[in-house]
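Here is the structure we will look at, set down as structure tokens.
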Amino acid sequence: MVRPQTGRVIAGVAGGVAQHLGVDVLVVRGTFIVLSLFSGFGAVLYAALWMFIPVAQGPAPRSRWEMPHGAHVGLAVLGVLAGLAGTVAMSGLSLPVLVPVAVVVLGALIAWLAYDRGLDSAMSGLSITLGSLLVLAGVVLSVLRWNGGQDFGPALLAVALTVVGLGALVVPLLLKLWRSLAQEQAGKAASEERAEIAARLHDSVLQTLALIQKRAQDPGEVVRLARAQERELRGWLFDAPAVAGPASAGRGSHGPTTSGPTTSGPTSVFSALEAACGEVEDLFGVRISPVRVGEDAALSDATKLTVQAAREAMVNAGKHAGVETLDVYAENLGGQLSIFVRDRGVGFDPQAVPADRHGLKDSIQARMESVGGRARVRSAPGEGTEVEVTVAL
């Protein structure tokens, strides 16, 4: 809820409440006037909302019931008179006793309006000075009614007016300073975020685009660079550890390797799998879009070896399948992690693998057996290959 900057009678409280509730502003203004007849409750409520509802940054939409400025002033005077009349009628206080109260209220109103409209003009300073003098005058009038301490009522009223007057002058200033500090902090945070975005764009996206421009004649390298940049941006946007950066994007293709993941950043299963997919993409120029189902889990010894086994399956597919894309599906359901790596390549006969080839036997099956998991290989010549690795969490 905010108070509009235009169309105000006093401070725009009624306009802000009407806009928030979706009712006509005249209904809200009339409600405040009626409530003011009950010992000034409407005026107190208006003052409280005035203090705690911030001002809107932009102009509010104009209402078809918008009144001229003279009518606004008249309605404001009517509200003040209604509050005084209600207080006199229900409290039994005499009008002379209420005169100091009215003077303090008027001074506080002038000072609050100046605070509300800003302190960067000479008119605002003059208004605050005038309001402070009126508050002081109201306190002095109340003290003058205290006849040498014989009448306790005026003395108590003088003390109360002093406290209320000081609060009326100090509280709006403190609220304005607090809001200014909050806006400054929000602006600083937004500026730092923009600077971080600009730095990331310069260090990653712009450099990658420059590399793509230089290597435009090599479609495979262009695809590799684009995929590496896509992974980095996706990891950044979704608060995951970056799995590729401009440094790796700027290097040439490395020779194949079957070692485990080289990144030490990932701390969860899915982020480690994402990193492994990115490494294999860069090594062999294949496209991998992993699909993940279920909740992510912390990276333990068992799950780390499972991800490494899945990575070895991707490496084998990148080496031997003769395909451009690999399908990787991971699920963490029912306390069990399963990762499937599938290609639609040339396939092979698992029973005909030479004994001196250790990629499938040692890097996949032996790893899974060491953590109490299992590995299944389904393949046939010309039908592609699917490797499933599963471990209990």
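Yeah, the Cβs are placed from backbone N, Cα and C, and that goes for glycine too.
Pulled from TrEMBL:
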DOMAIN    2-55  domain 'Phage shock protein PspC N-terminal'
TRANSMEM  32-53  transmembrane segment
TRANSMEM  73-91  transmembrane segment
TRANSMEM  97-115  transmembrane segment
TRANSMEM  127-146  transmembrane segment
TRANSMEM  152-175  transmembrane segment
REGION    247-267  region 'Disordered'
COMPBIAS  255-267  compositional bias 'Low complexity'
DOMAIN    307-391  domain 'Histidine kinase/HSP90-like ATPase'
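Summed and averaged per residue, pLDDT over the domain 'Histidine kinase/HSP90-like ATPase' (307-391) gives 90. Under DSSP, the residues of the domain 'Phage shock protein PspC N-terminal' (2-55) split into helix, strand and coil as follows: 33 helix, 2 strand, 19 coil.
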